[in-house]
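Features as listed in TrEMBL:
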type     : residues : note
DOMAIN   : 49-163   : domain 'DOMON'
DOMAIN   : 175-370  : domain 'Cytochrome b561'
SIGNAL   : 1-26     : signal peptide
TRANSMEM : 211-229  : transmembrane segment
TRANSMEM : 282-299  : transmembrane segment
TRANSMEM : 311-331  : transmembrane segment
TRANSMEM : 346-370  : transmembrane segment
Amino acid sequence: MASFSPTLAALFLATLLVLPPSLAAAATCTSQTFTNNKLYSFCNDLPALNSYLHWTYDPAQSTLTVAFIAPPAKPNGWISWAINPTATGMIGSQALIAFKDSKGAMTVKTYNVSSYGPVTESKVWYEVKESSAEFSSGVMRLFATIVLPKNLKSTVNHVWQVGPSVTGGVPDKHEFQTGNLNSKGRLDLLRGQSTGGSGGDSRTKKRNIHGILNVVSWGLLFPIGIIIARYLKVFPSTDPLWFYLHVSCQISAYAIGVAGWGTGLKLGSQSKGVQYSVHRNIGIALFSLATVQIFALLLRPKKEHKYRLYWNIYHHGIGYAIVVLGIINVFKGLDILNPESKWKHAYIIAIAVLGGIALLLEAFTWTVVLRRKKSSTSTKPYGGFNNGI
């Protein structure tokens, strides 16, 4: 049987050096939950400041219930969500600002932002029926129910912001980075749509890239590599071709999977306080097992070696574990990303096709093996003589 190629070893080592691993999961508003189990009609991943907005609008009562989620610029900072009835920017916005008071408790106050100078607590043009806030895991959550004017259109200008500090009960000015300047848009209260500044869909693209890379690697290429190894090696004429196909497929899967982790690492750093423990823990197990499996190729004994049987048991066991965990984690990731149903159905069909091919090949190869055993038995000597000769 073929030994491990130095070229493949070099490819593997290059993969380890070039691609950064990541096991972070992408965050979306649709998978967020609240301590009070509150449910909202709509939610949007806002395009700036790693923020999320949940809301329910009752036009008959003109009430708007919101939950605004964002990491403050610093732990003792503040977050704000506002409606601007007269313009698209900060000036004129009617703001709700959440921060820690002098006793360390979270509070929500209202501000009519009329200038770029220090803000002063004041009444706003809508009625605040109730408000509250909480802070945990580096993320602040602002909750409020407000009553809007009866003549207000269902599409409004909204502004959101985060700041680094509070002095004497007064929120200090925010930074003027790209995210701070782009934190504004239009909000359709009835249709559940929010538009924002430039680059608003960049996080969505990164999440999609993260998902595609990991579906291709853990969810497709690893199973295909196992199918190649299990069924092609039954035929002597495919040796050593099956081995190189198997190794190439698995190393490619590993490289793409690590690239997927790299995008996940970036997304995780942009989604502080939002974690998916099961998806993350399965990711840890997958990356660990796959790394051990790839390194095992460097230690693969020759087939006549006395330890080859134990290596085979370990290699096959870990390989099947990777396939099972990989498919499970793909479905976990799809639940988190919540794409259109057609993408989930497409992956289910792909896995079903691979499973069907594996079943057919399993039956075929067992037939070949049993025929070989029968043929071998019929030609064995009997009583020291070959068929009486």
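Yeah, the Cβs are placed from backbone N, Cα and C, and that goes for glycine too.
Predicted, not measured: the structure shown is a model, and the values here were computed from it.
Each residue of the domain 'DOMON' (49-163) gets a DSSP state, and the totals for helix, strand and coil are 0 helix, 65 strand, 50 coil.
Within the model, the domain 'DOMON' (49-163) shows a mean pLDDT value of 89, rounded to a whole number.
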